[in-house]
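J.: Input: one structure, supplied below.
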Amino acid sequence: MGDTIVEPAPLKPTSEPAPGPPGNNGGSLLSVITEGVGELSVIDPEVAQKACQEVLEKVKLLHGGVAISSRGTPLELVNGDGVDSEIRCLDDPPAQIREEEDEMGATVASGTAKGARRRRQNNSAKQSWLLRLFESKLFDISMAISYLYNSKEPGVQAYIGNRLFCFRNEDVDFYLPQLLNMYIHMDEDVGDAIKPYIVHRCRQSINFSLQCALLLGAYSSDMHISTQRHSRGTKLRKLILSDELKPAHRKRELPSLSPAPDTGLSPSKRTHQRSKSDATASISLSSNLKRTASNPKVENEDEELSSSTESIDNSFSSPVRLAPEREFIKSLMAIGKRLATLPTKEQKTQRLISELSLLNHKLPARVWLPTAGFDHHVVRVPHTQAVVLNSKDKAPYLIYVEVLECENFDTTSVPARIPENRIRSTRSVENLPECGITHEQRAGSFSTVPNYDNDDEAWSVDDIGELQVELPEVHTNSCDNISQFSVDSITSQESKEPVFIAAGDIRRRLSEQLAHTPTAFKRDPEDPSAVALKEPWQEKVRRIREGSPYGHLPNWRLLSVIVKCGDDLRQELLAFQVLKQLQSIWEQERVPLWIKPYKILVISADSGMIEPVVNAVSIHQVKKQSQLSLLDYFLQEHGSYTTEAFLSAQRNFVQSCAGYCLGCYLLQVKDRHNGNILLDAEGHIIHIDFGFILSSSPRNLGFETSAFKLTTEFVDVMGGLDGDMFNYYKMLMLQGLIAARKHMDKVVQIVEIMQQGSQLPCFHGSSTIRNLKERFHMSMTEEQLQLLVEQMVDGSMRSITTKLYDGFQYLTNGIM
């Protein structure tokens, strides 16, 4: 064998660990690379073998025949054989080397040989410790991304690329922007290490494929047009958009038209059988998103159609895997662009409702909302519930989307279309007395719309939206009260124990709940979103479900999304990642700070979707609608100072304010007017709109100079400067900063990798990363940090620029 290293045996698609301990011929060295990294069934054999060979060949070239043991220690291969008795760990120099070194005297040649051996020994030790780190439990996805970005060794990069297969999908998905940005803008070795994982996941998940295609397009847009056309990012995007990465199991199932054998699995787990509605849904809004047939005969004969040859169209032979979803997204973006041309909010709202009504004719279809965290099909958009959001120059809008949850998007048939007037047939059931009908029984039937009166016109489709605006109060039936008390009495009799109830406590709690029910906002033509956002989410879900022809289905869900056109959401995505990382750090360090990062979908360099924050309205809307100070609004919503509800809301306010103050300080978030700060029903504040972070500011003026926004109104809610909650706020700030700087590298690398090849304004200037690191104050003691926090809090609270900027926003945009 000479000095050759044993070739690793190819990986088999099995979940069993790599065979054999070191020294057992085939597979021994492969186990070095894969030992302790989890299930191997997801690792592509060629990828693993290539990575293994590159690592071992690199080690061999550097160290002249030195391999690595399964323990991660460097081994000297005597005569090329990996025999245990002849393997020596180089952590301690072998006796032969020590004897040779003693014999080497004053000659230059002998000195050179001695230095070479020492360098070889040191390099081997470094390789030993590196591999030990890679195989340890401490090696997480954050460290993998760091080594992939910083390492210049192709072998290490290949190993990390292979190791990606062993992390959880959701962990890798968090760093997808970083992985794709490295693929686009870094050298070929990094790209070659990343690509196998991306291709593998694209075959597994259509949603992952969509996000990769969108991000590759958005991050390639910063390149010169001639370079972009031939870049590796553009080529990978074209590969994803083609049907070459369609899951293999779908291709194999195409010829089969007969029903799958009943194996005891649920229908969604059996082999997918195309129905007519499924087939037609693969066509777009113009040619790919075509609605399912609305013929009642078709809708009632799904089982017949599932095995019919007429259910097959040419969608399988043409590259349309992502086409319906892309057309769906294009339609939503086109609506936003058309709305921006209209002068008034009222006109925009009317046009939005009309556009969405037309879009409903194309649904259900094989489309989904990428911001959701579960598989589903979009079946309906309740168009009358959509609202246009506040924006001076653009027209972002909020829509609610009805979906049917499914186990697997690729293999589940598209639901059949249910006509809007189908809801009329439920009237007769509604007239039945409710006594004796459980909540679950009502939810499982079509009878979900309250019987308001006997006027048939109340059920017309055109009037559903009006009925949904202001629902009359639903009075509890007397028989419901009887049933409830009967259950209570039976329970107490079975216990055979006397039940003592503090009547005073009951009266106090009931009076608090009745007196401090959350207030509703009035309709404002200039701000139509205020009423929609103020309505409690659960109430909105119930109301929309009652008016939906799909609401009776048990897997019905309601989602919401904000559609933005003309805005670059890549900075928003970067801010989301940093805040999400900070949230994880504080949870790990058990610091009770509260922030709520919301999901961002980058569609292009100037469009995207945002996950709305439910049960929350902006402080501007609060002040405009209530005409109260922030503290008085808290008292109105949650009760007096001593009530449990107020104290809980106050604590939530303090914990969230401290969390966002730290996040805004580290990211240098600007444009902090009251329209960009939300207040939820539980008292938390949530910052939104991170279009100006790090090196960028509105109009590049750098006007907001304070570390973060902390107004006297915020301090009043905390109980004033001398209050315990204000001291608690400063303590949380200190604890949060100490915890964050322990994990500084995890935060900094998110930003540093995205700076590669980027033209985003937040990266203008050469000192962006250096300034970010300085804000962690790594050289300060905890006592010095405490003094720093005191200074930042005091400076932000007294900042004249914050007051001037709020005044400027009020004068120019009417933001209170």
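Just so it is clear, glycine is given a Cβ too, placed from its N, Cα and C backbone atoms.
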J.: For the region 'G-loop' entry in Swiss-Prot, name the matching range from 233-239, 478-484, 506-512, 541-547.
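T.: Comparing 233-239, 478-484, 506-512, 541-547 with Swiss-Prot, region 'G-loop' matches 541-547.
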J.: Can you identify, from 1-30, 421-450, the stretch that Swiss-Prot calls region 'Disordered'?
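T.: From Swiss-Prot, the annotated region 'Disordered' range turns out to be 1-30.
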J.: Do you know which of 101-120, 521-540, 621-640 Swiss-Prot annotates as region 'Disordered'?
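T.: Checked against Swiss-Prot: region 'Disordered' maps to 101-120.
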J.: The region 'Activation loop' (687-711): mean pLDDT?
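T.: Averaged over the region 'Activation loop' (687-711), the predicted model reaches a pLDDT of 83.
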J.: In the region 'Catalytic loop' (668-676), how many residues does DSSP assign to helix, to strand and to coil?
T.: 3 helix, 0 strand, 6 coil
